[in-house]
């Protein structure tokens with residue numbers, strides 16, 4: 001009885017971690033208008049409310065996973081939640097845009113510590129493969145709930161309680177998760193190795209430059225500044241590789257760099273976020289600019305996608321009892337290909353049921369793929385490497401999402417109605433090509449691995 005209570009508490013704490021991180025993205029987007037009025041700021045200031053969080057989050061994900069392995073997943077998860085909760089309080093009390101953006105950066109640090117270690121806690125404590133599949137599926141569903149409820153919840157809170165409430169809501173949720181973790185989570189194992197300071201700094205800088213360059217490209221086009229930043233990120237990444245080859249305890253162990261299953265799952269995660277966030281970006285503009293929807297109606301238009309993703313994530317745990325993760329991912333990727341093919345035919349004259357059906361198919365496919373992807377990744381690494389592997393996976397997904405927004409933004413930039421529809425169609429076909437390539441690559445990579453590994 002106590003063991004079941006302990007596992008339920010750990011599950012809730014991990015899910016709350018993913019929930020608040022995802023919620024903070026979706027609710028803040030809804031509050032940009034209120035922030036503009038409160039601080040009399042311009043578009044650049046509003047963009048940095050979003051980008052400052054994304055920048056530090058993506059840059060420090062691998063660092064967060066590495067810290068979880070070195071110091072233990074439990075203390076790093078708790079520390080990350082404390083940082084996130086206190087910075088949320090700072091955001092809620094901010095008196096200027098400078099203060100708000102600064103606290104958003106700190107929020108990104110807290111999120112980067114929480115996300116990899118929340119998955120590691122599930123890997124360490126749910127030792128039964130079937131229980132772990134269900135736990136990871138529920139973890140993914142919690143993020144889906146945040147994405148689905150965020151726009152509606154954020155709109156209601158801003159209307160009745162003001163914009164500060166969208167940050168302050170994180171405080172009771174954070175305190176609950178911290179209390180559950182401290183009370184029920186056992187001590188986490190630590191990996192005895194030196195901290196690779198130079199590796200940590202260079203990979204964080206490379207990811208920060210990459211995220212910044214892609215973000216600038218999505219807003220300004222592929223001009224000199226974003227291209228220069230991206231070139232610099234490649235040079236810093238090269239420096240990271242050279243450093244890792246020369247240190248005794250590299251940040252990313254060499255055996256992980258040779259782990260074909262981990263590489264395949266990182267590719268899958270990157271493509272999933274590339275297609276998901278890119279398409280959400282394109283459709284948001286399509287709904288508001290082409291169809292003339294307001295913010296609330298735009299949020300409701302995404303319900304077929306987000307609601308189905310949440311429900312399907314929960315159902316995928318049962319599917320995992322009967323089929324291998326590879327088969328489920330193959331099915332999920334195939335469904336997404338079908339959904340994006342339908343979306344490529346969408347125009348302003350299309351019936352609403354056609355768009356809703358396509359979003360439902362994409363949502364089911366994505367929800368089938370993500371939990372199996374995470375479970376396969378966790379099963380393919382040891383407990384000692386779970387933190388850094390989760391950080392690598394999360395970082396790949398984050399970069400994929402930013403890349404999707406940047407590339408799709410280029411395809412639809414400054415387009416009138418007919419040209420926009422053509423650009424949107426091209427975006428959907430690009431999703432089809434990326435998913436097809438991902439599917440072929442995964443099949444090629446994982447055929448070398450024993451089926452017993454993929455079954456977990």
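Note that Cβ sites are derived from N, Cα and C of the backbone, with glycine treated the same way.
TrEMBL entries are annotated by machine, without manual review.
Small disclaimer: the values here were computed from a predicted structure and weren't measured.
What TrEMBL says about this one:
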| type | residues | note |
| --- | --- | --- |
| DOMAIN | 10-450 | domain 'Major facilitator superfamily (MFS) profile' |
| TRANSMEM | 12-39 | transmembrane segment |
| TRANSMEM | 45-64 | transmembrane segment |
| TRANSMEM | 76-95 | transmembrane segment |
| TRANSMEM | 101-122 | transmembrane segment |
| TRANSMEM | 134-154 | transmembrane segment |
| TRANSMEM | 166-185 | transmembrane segment |
| TRANSMEM | 197-215 | transmembrane segment |
| TRANSMEM | 221-243 | transmembrane segment |
| TRANSMEM | 263-287 | transmembrane segment |
| TRANSMEM | 328-346 | transmembrane segment |
| TRANSMEM | 358-378 | transmembrane segment |
| TRANSMEM | 399-415 | transmembrane segment |
Long-range environment of the transmembrane segment (76-95) - Cβ separation under 8 angstroms, sequence gap at least 6: 13-14, 17, 20-21, 24, 64, 67-68, 102-104, 106-107, 109-114, 117-118, 120-121, 164-165, 167-168, 170-171, 174-175, 177-178, 181-182, 387
Two-stretch contact, the transmembrane segment (134-154) and the transmembrane segment (263-287), at least three Cβ pairs under 8 Å: no
Long-range environment of the transmembrane segment (358-378) - Cβ separation under 8 angstroms, sequence gap at least 6: 119, 122-123, 132-133, 136-137, 139-140, 144, 261-262, 265-266, 268-269, 272, 276, 279, 302, 304-313, 315-317, 319-320, 325-326, 328-329, 331-340, 342-343, 346, 386, 389-390, 393, 454, 456
Positions whose Cβ lies under 8 angstroms from the transmembrane segment (399-415), at least six residues beyond its ends: 54, 58, 207, 210-211, 214-215, 217-219, 221-222, 269-279, 281-282, 285, 422-424, 426-427, 430
Cβ-based contact of the transmembrane segment (166-185) with the transmembrane segment (12-39), 3 or more pairs under 8 Å: yes
Residues of the parent chain within Cβ reach of the transmembrane segment (263-287), under 8 Å, 6 or more residues beyond its termini: 293, 297-298, 301-302, 305, 329, 333, 336, 340, 343, 362, 366, 369-370, 373-374, 376-377, 380, 392-394, 396-405, 407-409, 411-412, 420, 424, 427-428, 431, 434-435, 437-438, 441-442, 445-446
Integer average pLDDT (0 to 100) for the domain 'Major facilitator superfamily (MFS) profile' (10-450): 84
Remote residues contacting the transmembrane segment (101-122) - C-beta distance under 8 A, at least 6 residues beyond either end: 10-11, 13-15, 17-18, 21, 24, 45, 48-49, 52-61, 63-65, 67-69, 73-74, 76-77, 79-88, 90-91, 94, 132, 135-136, 139, 181, 185, 188, 374, 378, 386-388, 390-391, 393-394
Residues from the same chain, set at least six apart from the ends of the transmembrane segment (197-215), whose C-beta lies under 8 A from its own: 51, 54-56, 58-63, 66, 226-227, 229-230, 232-233, 236-237, 239-240, 243-244, 247, 250-252, 395, 398-399, 402-403, 405-406
